[in-house]
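What follows is a short report on a single structure.
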Amino acid sequence: MLDQVCQLARNAGDAIMQVYDGTKPMDVVSKADNSPVTAADIAAHTVIMDGLRTLAPDIPVLSEEDPPGWEVRQHWQRYWLVDPLDGTKEFIKRNGEFTVNIALIDHGKPILGVVYAPVMNVMYSAAEGKAWKEECGVRKLIQVRDARPPLVVISRSHADAELKEYLQQLGEHQTTSIGSSLKFCLVAEGQAQLYPRFGPTNIWDTAAGHAVAAAAGAHVHDWQGKPLDYTPRESFLNPGFRVSIY
């Protein structure tokens, strides 16, 4: 199934790139929470929804762009969790740091994940406890790697005072910034060793990256030390977390 999901992510990426390269208008509007949504978000959502319904018609789908109500999903044990375009702000900035995220959740855990960066044409994927990176047609296993001083990857769009204080107390380290779920992937492939995030995050923003990082050997825990959980609940928010090799 993983190969089919990867192809689906590529197809969604192709739809996004038609907007990114100017073939189709971007049409930026604001959602109720003031976050931006574009024609690319909607196009990718449509591709993924149609594809998953064909691939696995018995597994329900929760997508950021059309999340079903609590009464519909409260008893779900196995479901797809999708962010058709993670990093819409990066997309609008045209810096290439956005991804297509597709995860399969089973009893609260992401057991399969795909993170595809269309501009970079890089695919990260995970299933059955293994993680891969595919670039330039070459697919290889990836795993976490220690480094001293550690490289801490942080959000390009969500820096805050709490993060600044945390980094001041961390000890010797280096930092880099990147958008979207690529932060999870940098830890997964050994380029970074730590990704701290403070404040709540929507579940579709983390599930696919969580799957990739965990399969590569990283720990994805909240600040109380508990693994991030995707068991259906009324809120779509997970607490702050850290992705770490330690």
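For all residues, glycine too, the Cβ spot is worked out from N, Cα and C.
According to Swiss-Prot, the protein carries these features:
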{"type": "BINDING", "residues": "Glu64, Asp83, Leu85", "note": "Mg(2+) 1 binding site"}
{"type": "BINDING", "residues": "Glu64, Leu85, Asp86, Gly87, Thr88, Asp205", "note": "substrate binding site"}
{"type": "BINDING", "residues": "Asp83, Asp86, Asp205", "note": "Mg(2+) 2 binding site"}
Within 8 Å of the Cβ centroid of the Mg(2+) 2 site residues Asp83, Asp86, Asp205, which other residues of the same chain have their Cβ?
-> Glu64, Leu85, Gly87, Thr99, Asn101, Ser180, Ser181, Asn202, Trp204, Thr206, Ala208
Cβ neighbour count within 10 Å, max among the binding-site residues Glu64, Asp83, Asp86, Asp205, goes to Asp83
Mind giving me a neighbour count for Leu85 (Mg(2+) 1 binding site)? Other Cβ atoms within 10 Å of its Cβ, every protein chain shown.
-> 29
Neighbourhood of Thr88 (substrate binding site), C-beta criterion under 8 angstroms, separation at least six = Ser35, Pro36, Val37, Thr38, Asp41, Phe98
Collapsed DSSP category at Thr88 (substrate binding site) | helix
